[in-house]
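Visitor: First the structure, then my questions, so here it is.
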Amino acid sequence: MATDLGELLVPYMPTIRVPRTGDRVFKSECAFSYDSPESEGGLYVCMNSFLGFGREHVERHYHKTGQSVYMHLKRHVKEKATGAAGGAIPRRRNGKVFLDLELNRDFNGVDYEYEDEAKLVIFPDHFEIPLPNIEELPALVTIACDAVLNASSPYKKQEADSWEEEIQVSRHARSLRQQDNGVRIPPSGWKCAKCEMRENLWLNLTDGSVLCGKWFFDGSGGNGHALEHYKETNFPLAVKLDTITPDGADIYSFDEEEAVLDPHISEHLLHFGIDMLQMQRTENGHHTDNHVQPRVSDWEVIQESSLKLKPVYGSGYTGIKNLGNSCYLSTTMQVLFSIPEFQRAYVGNLQRIFDYSPLDPTQDFSTQMAKLGHGLLSGQYSKPPMKSELIEQVMKEEYKQLQRGISPKMFKALVSKGHPEFSSNRQQDAHEFFLHLINLVERNSSGSENPSDVFRFLVEERVQCCQTQKVRYTQRVDYLMQLPVPLEAASNREELIAYESKRKEAEENMRPPPEPVRARIPFTACLQAFTEPENVPDFWSSALQAKSAGVKTSRFASFPEYMIVQIKKFTFGVDWVPKKLDVSVDVPDFLDLNRLRATGLQAGEAELPDITPPIVISEDTRDSTTNNSLESPEIDESSVMQLAEMGFPLEACRKAVYYTGNMGAEMAFNWIIAHMEEPDFAEPLAIPTYLEPDLPGPSFPTSSVLDNQPPEESISILTSMGFPRHHTIQALKATVSVLLHLLHVQPNSNSDVFYFPRWLIYNDHKICLSERPPKDLGYMYFYRRLSSC
């Protein structure tokens, strides 16, 4: 028999590999579904790529790759007989098989045992070879099978690989001398002291200077002023401002040229007014004060734990297992796949996406989105307990109403790859993850339907010079409506004042604090706060050709099919500690936004001249006789990053933002489209060495030029983003109104009323009908536009 098996495997020996260091072995989850060894058909692991496939998908892989040898893994789970020994944790019968294989079911409180079975299967004849079979198999095959069976989870390997080499304590940490210069770092509003950069900022721990980091290969980063400062001062240590938590922070030693640890970081930060030990991360990924006492009952209200809720099963009612602080991902994906456009784009095109998936579908965004959508919508993983199971549970008084649900580890690993926050196991903000995912959807929708268009809308921003009263109208794209929370508008203000008085009295007399009182904020007050004018920092008036006071108001130039409303329940205290607002907002079921519709330039309004801001020269530069170079121009780096993410050259993006006067990414985008054929399009921004106050900026091409066919390269760039070719050509000819033309996708521009869909409670993999939805305690609200008003 040994000779027979050896001869049988000879033709396939070149395709059988032994997993090497770095190879990921997917033996617990199918690449196209949520089938596992516990599924009825088990799981097939390719002995060449080590990808896992359910029974429904293994044939596709065989026909696509010609790979014939797979390891079939099957786990049989059953409840122990009455009186059997053992505890509540399932027990292996065959401990040598499926080492490190994670359990995919809920075994809480019930005594189970399981038996693992493995065999080699040769396609297309499905010839089976039971394992282990050391005596009869060739040595290479035996080694390969043993390596697969003992391989660690690919997700554990990813977590291990995500850790950098061990970070050492800096030799400067203990002896660091900090200057008593009175510097105090505010809780927000940071910017580089040399270039106005507002991202990738580092606090020098010697003198408190806030300076930007260096540019990275992907266009992110800064202008390297933190490093320049070290070269000038030899102050060695700096901490990245947005990484500070009670557990530590990202610290870099310029002298040692590596990331380091500082055992005294809390003392060094406190020197500049930052009390890191008083910060803790909340469930939304932000920080809050440790002294705030959250209500225990809040969680019970959200869970509706006092009610006996009716579970639901089937299509659209599939739960997502908690992967460890992953509720931000679960809630976002449940909502997205309740939207028809996302269902159609991924689940509706399931077979086409799977058929044209790359050889490694675990790394393909569309494949994993289709897999997740099918898992949530098919009902295959959301089946009610069998009648016999229900009777037994009732008799044991432990009715759990559980379904199998899905565990999207492969999806999370893909969408969080390379992201410092989402790739961790820490809790994150659902709003930030939503924007991150929308960016991935758009990036991977080239040449096909972009379902995220249902969230996209145009915001009209009106900026007015307070001195001349002249105005400028611009438009920008957005995906959600962020509403501020005006605490001063609380309807129970007297009750709050009384509570605060009692709290202070209890604190002074060393008594327990009174029961907290939650501020009740009318939703209309949040809307009113959204419409209020806001001051524009560093506003440069083209009418005065000087800095002046300016105010900005925002209105809707278009409305999306689905409006996301985020209640901004966080603020910063003077002690640098972000705080969560304990508020209740009476969010309505129906939302009429007609009064927020944009109007454009009104009769009697005078427009600000279209003049580029002058070049800024610092006083030090004017007075210096040794350095005649100009200070770096003021450039909105956030707009630069938005353009760079579209694929445009970084230097071209900087020029576009500069020459359009920092008026936003949309205006800069128009400049790019108009100038991308110029030979110096991607050359660095050249600043003249003299100052002309009246120097106008480069003008946009005239209509006579744009009447011709736009450059094919420009057309290709926009069509690659998913826009139709004929719309792209028309928009390029219109230039300044390009975004407005491209994004007018509403069937009825007068439809600006939205409503909430019916209520369900999704609590991990438990789905129930909600009886008392705590709408006033929400964070993000999804409204759908009515088809008629």
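The backbone N, Cα and C atoms fix where each Cβ goes, and this holds for glycine too.
These figures come from a predicted structure and were not determined experimentally.
So TrEMBL says this about it:
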BINDING   Cys192, Cys195, Cys212, His225  Zn(2+) binding site
DOMAIN    168-276  domain 'UBP-type'
DOMAIN    318-786  domain 'USP'
DOMAIN    634-675  domain 'UBA'
DOMAIN    709-735  domain 'UBA'
Visitor: Which residue among the binding-site residues Cys192, Cys195, Cys212 has the fewest other Cβ atoms within 10 Å of its Cβ, if you could check?
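Guide: Relative to the other binding-site residues in Cys192, Cys195, Cys212, Cys195 has the fewest Cβ atoms within 10 Å.
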Visitor: Count the Cβ atoms, other than its own, that fall within 10 Å of the Cβ of His225 (Zn(2+) binding site), considering every protein chain shown.
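Guide: A 10 Å sphere around the Cβ of His225 (Zn(2+) binding site) contains 22 other Cβ atoms.
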Visitor: Inside 8 A of the center formed by the CB atoms of Cys192, Cys195, Cys212, His225, which other residues of the chain have their CB, for the recorded Zn(2+) site?
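Guide: The answer, listed by sequence position, is Lys191, Ala193, Lys194, Glu196, Met197, Leu201, Leu211, Gly222, Asn223, Gly224, Ala226.
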Visitor: Quick one: average pLDDT across the domain 'UBP-type' (168-276), no decimals.
Guide: 85
Visitor: Sort the residues of the domain 'UBP-type' (168-276) into helix, strand and coil with DSSP and give the three counts.
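Guide: So the domain 'UBP-type' (168-276) is made up of 19 helix, 21 strand, 69 coil.
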Visitor: How many of the residues that make up the domain 'UBA' (634-675) does DSSP mark as helix, as strand and as coil?
Guide: 30 helix, 0 strand, 12 coil
